[in-house]
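As recorded in Swiss-Prot, the features of this protein are as follows:
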TRANSMEM  43-63  transmembrane segment
TRANSMEM  87-107  transmembrane segment
TRANSMEM  117-137  transmembrane segment
TRANSMEM  140-160  transmembrane segment
TRANSMEM  171-191  transmembrane segment
TRANSMEM  273-293  transmembrane segment
TRANSMEM  310-330  transmembrane segment
TRANSMEM  365-385  transmembrane segment
TRANSMEM  409-429  transmembrane segment
TRANSMEM  457-477  transmembrane segment
TRANSMEM  488-508  transmembrane segment
TRANSMEM  582-602  transmembrane segment
Amino acid sequence: MNMFSSCMITALVILTLPIIMSSTKLYKNKLYPYYVKTATSYAFMISMIPTMMFIYSGQETIISNWHWMTIQTMKLSMSFKLDYFSMIFVPVALFVTWSIMEFSMWYMHSDPYINRFFKYLLLFLITMMVLVTANNMFQLFIGWEGVGIMSFLLIGWWYGRTDANTAALQAVLYNRIGDVGFIMTMAWFLLNLNTWDLQQIFITTNDNFNLPLLGLLLAATGKSAQFGLHPWLPSAMEGPTPVSALLHSSTMVVAGVFLLIRFHPLMEHNQTIQTLTLCLGAITTLFTAICALTQNDIKKIVAFSTSSQLGLMMVTIGINQPYLAFLHICTHAFFKAMLFMCSGSIIHSLNDEQDIRKMGGLFKVLPFTTTSLIIGSLALTGMPFLTGFYSKDLIIESANTSNTNAWALLITLVATSLTAAYSTRIMFFALLGQPRFSPMILINENNPLLINSIKRLLIGSVFAGYIISHSITPTTIPQMTMPHYLKMTALAVTILGFILALELNLTTQGLKFNYPSNYFKFSSLLGYYPTIMHRLTPKTSLTISQKSASMLLDSIWLENILPKSISYFQMKSSTLISNQKGLIKLYFLSFMLTMILSLLILNYHG
């Protein structure tokens, strides 16, 4: 096992070499991106050695080399947990990052700060590796916050654009809400169990884990863009396409789901948390799939599909299948990163045009990119024998055979069908039909950096699902009987989605313009969530604050207490002291009546 742990640590150390290099003159060299890409590829190849050893032997390792500090009775040490989840995820993340970095060398070649961009990507990858291999909550929190801050820096890379700055701040603010849950969980474990070590937490027999698990669920909701904290993910598409491909499809956004997988031993017997996870994931996967149907920005459609797949992973955890959720994380990384890279290739070729209504006919001028996009879309929908099929089909089968509420299962099936619909929509608008872009644009995809990076992920999108699914324990699957209609459910709803999209396409051809319906507005305006949360809520808050400030400060203190109070007291005192009101006629009449009455009384007595 020494070789096992040594190879893994070597792979992690290799990644830090370009960071150390940034303090030397080599950092200013034009070849620095090449050094970073090469270091990532070597780290991937070395990490495959312990992964293959683990698959063969099935023994996990915990490395605790460096004791950091002791707080009263609690010890904090640097500890790495090399188990199934970390051993499979590390090579997948390194392979995807290797391809994305090669793609970035083509996509960002004209950026004057490309060296800093690659350093940020590498720092993000290192913090993600720290998160995945952490064996205690403190180390996990370092990786958790690391991916958060690197996400902020990379989303706001083009800081001259207002939208990019707003999107970066939005991502940080939504993730801070999730971080509150993470810190609350850490505090609870510290107060009640006096440990942050994962093994010690798991062996504790405490039935009252609702509060820390709710904190973990809140943390996962923020980081994995679940319903309620979801708007930051589509907004993050303002960053460069390589950032979207790496952070917001295959690594950072799955950190929340990975956190719940890590703490699944605490969740598996807690029905309350599992039900919440199931319902939250089901709502997310349906809502974001509906939103994706009417979007026109190609990157935002892919972003909403990411959020929908994250909801599907949460559903899988909710039905007590963490290994299937992890399998979907790994398979999803290949085709989703490739979809973003194909989108980036199209956007770059069309002079930064992202509207699918202004594309069309690209299969003639970008044959390799469009072929990869179609295969990636088919893998996303779960087409048989592509990578997505091996995880998505198993998830739908597990949901069909589990004793959960049929409501969550039904809306998950609807979302699966809608996935096929919006994937078909991208193909129709962007790839097929007549070109709708300027004929003056020179389109060229003959660049080895672009072709090789997409080609590697294309191979992964076809074969990776078969390879990874056969390494999940137990490797020998027991025989299981299932009715044909249940077995074919996933494929049936996918085909239904394709048919629905084709029918809608045929129906809408040649129609006159009509004002959009309320359903269309609900989908295109993202369920009015950004309008309510980002416009109405701040406006209402500012209006109430302004009114209360002006009424309390100006009207009450500055007017009533000082100037108005003086005049009020003067008028009140003058009213009390002087009863003279200036009514001369009334006074004269009163005087005459009094005189006449007095004379009459005197005459009467006389």
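Keep in mind that glycine also has a Cβ here, set from the backbone N, Cα and C atoms.
Same-chain residues lying 6+ beyond the ends of the transmembrane segment (409-429) with a Cβ under 8 Å from its Cβ atoms: 282-283, 285-286, 289-290, 292-293, 298, 301, 304-305, 308, 311-312, 315, 356-357, 359-360, 373-374, 377-378, 380-382, 392, 396, 399-400, 489-490, 493-498, 500-502, 504-505. The stretches the transmembrane segment (310-330) and the transmembrane segment (273-293) meet in space: the count of Cβ pairs below 8 angstroms, excluding pairs fewer than 6 apart in sequence, reaches at least three. Taking every recorded stretch in 140-160, 171-191, 273-293, 488-508, 582-602 and counting its Cβ pairs under 8 Å to the transmembrane segment (365-385), the highest total belongs to 488-508.
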